[in-house]
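Asks: Structure provided below as structure tokens; questions to follow.
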Amino acid sequence: MLNTNIKPSKKLAKLTTWKIGGQAEWLGEPENIQEIIQQISWAKERNINCEIIGAGSNLLINDNGIQGLAICMRKMHGYELNNRTGIVEALAGEPLPNLARKVAREGLHGLEWAVGIPGTVGGATVMNAGAQGSCTADRLISAKVISPKSGNIYEIKKKELEFSYRQSLIQKEKLIVLSVRFHLEPGHSEEEVLNSTNINLHHRLKTQPYHLPSCGSVFRNPANLKAGQIIEELGLKGLREGGAEVSTMHANFIVNKGDATAKDITQLISIIQKKVEKKHGFILQPEVKRLGFH
């Protein structure tokens with residue numbers, strides 16, 4: 001009998017911030033750690049592939065969809081905090097901007113940069129998301145993860161997670177984040193931390209195209225360079241491929257103008273890479289996770 005939170009033939013476009021992608025053969029939406037363990041076990045018993053969707057940012061799903069089980073973590077949210085010690089534990093599906101606001105109201109310093117990141121705690125940990133010179137690894141103590149292959153659960157400390165720019169051991173080993181522990185700095189006033197948080201949010205709203213569907217930043221920044229600046233200097237703002245467009249607001253964003261497909265996005269990424277390589281001699285590396293492509 002099917003787990004009640006696993007459903008067949010579900011459209012995935014609405015679960016991504018690009019609003020793009022085909023169907024999942026199966027879709028699981030766990031609400032707690034026990035349910036995700038059951039869903040991974042369900043997939044393992046049937047020998048089918050298991051893919052994770054967090055907030056759906058930084059994600060491109062094939063127009064033809066995904067074979068196997070897609071697990072969307074959005075319903076698996078919640079957190080506990082101690083405003084005396086600054087210890088915060090959040091479930092993987094907790095939206096990062098929500099957590100940033102909640103801890104700010106408790107006078108906890110350390111996540112102000114995260115208020116404009118359109119992702120979940122789990123997704124941010126997997127790719128070591130960051131902004132304004134800070135990143136997820138800065139305040140992380142440990143992550144509880146599950147292996148989809150073995151079903152084993154581990155708590156991995158920060159030093160063993162091999163964090164680097166937009167990389168982690170979790171990403172390399174294809175582990176699934178269940179929850180994350182952070183150590184934030186207590187003792188600040190709510191007003192002070194909220195003010196800093198709001199300044200970061202307003203900066204992002206002024207400089208990034210939040211009014212249109214996008215995945216967030218498309219390319220990793222090369223060493224000591226900004227991908228957006230490189231693309232802008234080549235005059236590529238506004239470049240279109242089908243319904244996909246290089247944002248006129250920030251060149252490291254590709255926006256969906258209403259009817260973009262994964263094929264449009266893929267082709268536009270390729271065009272940008274070729275133009276940058278021709279001019280600068282290196283290939284910009286996407287930070288977008290691709291699902292359903294072979």
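In case you wondered, yes, glycine gets a Cβ from its N, Cα and C as well.
Feature table excerpt (Swiss-Prot):
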type     : residues : note
ACT_SITE : R166     : active site
ACT_SITE : S217     : active site, proton donor
ACT_SITE : E287     : active site
DOMAIN   : 19-187   : domain 'FAD-binding PCMH-type'
Asks: In which DSSP state, out of helix, strand and coil, do we find E287 (active site)?
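Replies: DSSP assigns E287 (active site) to coil.
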Asks: Far apart in sequence but close in space: which same-chain residues, 6 or more away, have a Cβ under 8 Å from S217 (active site, proton donor)?
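Replies: Long-range Cβ contacts: N58, A227, G228, N252, F253, E287.
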Asks: Using DSSP with the three-state reduction, classify the residue listed as 'active site, proton donor' as helix, strand or coil.
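Replies: Reduced to three states, the DSSP call for the residue listed as 'active site, proton donor' is coil.
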Asks: Tell me which residues of the chain lie with their Cβ under 8 angstroms from that of R166 (active site), as long as they are six or more apart in sequence?
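Replies: Those within reach of R166 (active site), by Cβ under 8 Å and sequence separation of 6 or more, are M127, N128, A129, G130, R220, E287.
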Asks: When you measure from the Cβ of E287 (active site), how many other Cβ atoms are you left with inside 10 Å?
Replies: 20
